[in-house]
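Asks: Could you have a look at this structure, given as structure tokens, before my questions?
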Amino acid sequence: MTRALNIILLTLAVLLLGGLEETAEACRCSQVHPQRQFCNSDVVIKAKVVGEETVYDGTFPVSIKYIIKKPKIFRGECQEVDAVFTPYSSATCGVRLQTGTDYLLSGYMDSDGMHISLCGFNVPWNSLTDTQKLGVTQHYEKGCECTIQTCFTLPCESSDPQMCVWTDMVFGVQQQADHSSCIKRDDDTCAWYTSPQQT
């Protein structure tokens with residue numbers, strides 16, 4: 001009986017792992033401008049990762065809890081954030097962070113705390129361009145009421161005065177993603193703003 005139970009459990013484990021392999025590419029994220037990721041997030045912070053723990057549901061790992069310190073909050077209202085959670089598997093959009101590294105982290109809050117995924121703006125702080133750092137600290141919030149429309153083929157035009165057309169996909173460069181923010185101006189229209197040091 002014990003041997004039969006072991007065989008059944010082994011078979012279930014193989015099927016489960018096989019299913020995970022089949023869904024290994026299940027995480028799909030739309031390519032969006034970093035400002036859109038910022039504006040779509042409940043919480044955006046800068047923090048240093050100082051440790052990690054695997055969270056289990058019974059015997060199966062379900063998420064990773066990253067312990068953070070000195071969070072600086074750029075967006076959202078949260079009293080205290082000392083950890084962020086992400087799915088355990090990259091197939092379910094789990095993010096892998098390195099201990100000792102400062103990150104820009106974006107996600108949502110629930111009763112457990114802050115949650116992040118591969119579809120958010122979660123990158124090492126030092127990998128951001130100067131414009132992206134200014135965007136996070138100053139400019140992105142000013143354009144959250146604007147729409148950033150991705151253009152895939154020419155011509156890239158819009159008649160909506162509150163829309164910025166994102167053309168990086170057309171030209172195959174990260175120009176606007178790396179060096180521009182979509183800002184709402186005094187006349188209630190939206191336009192790309194490029195930081196002076198990037199001109």
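Glycine residues also receive a Cβ, built from the backbone N, Cα and C atoms like all the rest.
No curator has checked TrEMBL annotations; they are predicted automatically.
Residues or ranges marked as Zn(2+) binding site in TrEMBL: Cys27. What TrEMBL records for Cys27-Cys93, Cys29-Cys119, Cys39-Cys144, Cys146-Cys190, Cys151-Cys156, Cys164-Cys182 is disulfide bond. Residues or ranges marked as domain 'NTR' by TrEMBL: 27-144. Sequence annotations record features per position, and here TrEMBL assigns signal peptide to 1-26.
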Asks: Looking at the recorded positions Cys27, Cys29, Cys39, Cys146, Cys182, which one has the fewest other Cβ atoms within 10 Å of its own Cβ?
Replies: Cys29
Asks: Please determine which of the disulfide-bonded residues listed here (Cys119, Cys164) has the lowest count of neighbouring CB atoms within 10 Å.
Replies: Cys119
Asks: Please report how many Å separate the Cα atom of Cys144 (disulfide bond) from that of Cys182 (disulfide bond), as a whole number.
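Replies: Distance between the two Cα atoms comes out at 8 Å.
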Asks: Where DSSP helix means H, G or I and strand means E or B, what are the helix, strand and coil counts for the domain 'NTR' (27-144)?
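Replies: Its residues fall into 26 helix, 50 strand, 42 coil.
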Asks: Compute the average pLDDT of the predicted model within the domain 'NTR' (27-144).
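Replies: Mean pLDDT for the domain 'NTR' (27-144): 94.
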Asks: Return only the integer: C-alpha distance in Å from Cys146 (disulfide bond) to Cys93 (disulfide bond).
Replies: 27
Asks: For Cys93 (disulfide bond), just count the other CB atoms lying within 10 A of its CB, please.
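Replies: I get 17 for this one.
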Asks: Do you know offhand how many angstrom separate Cys119 (disulfide bond) and Cys164 (disulfide bond) by C-alpha?
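Replies: Between the alpha carbons of Cys119 (disulfide bond) and Cys164 (disulfide bond) there are 21 Å.
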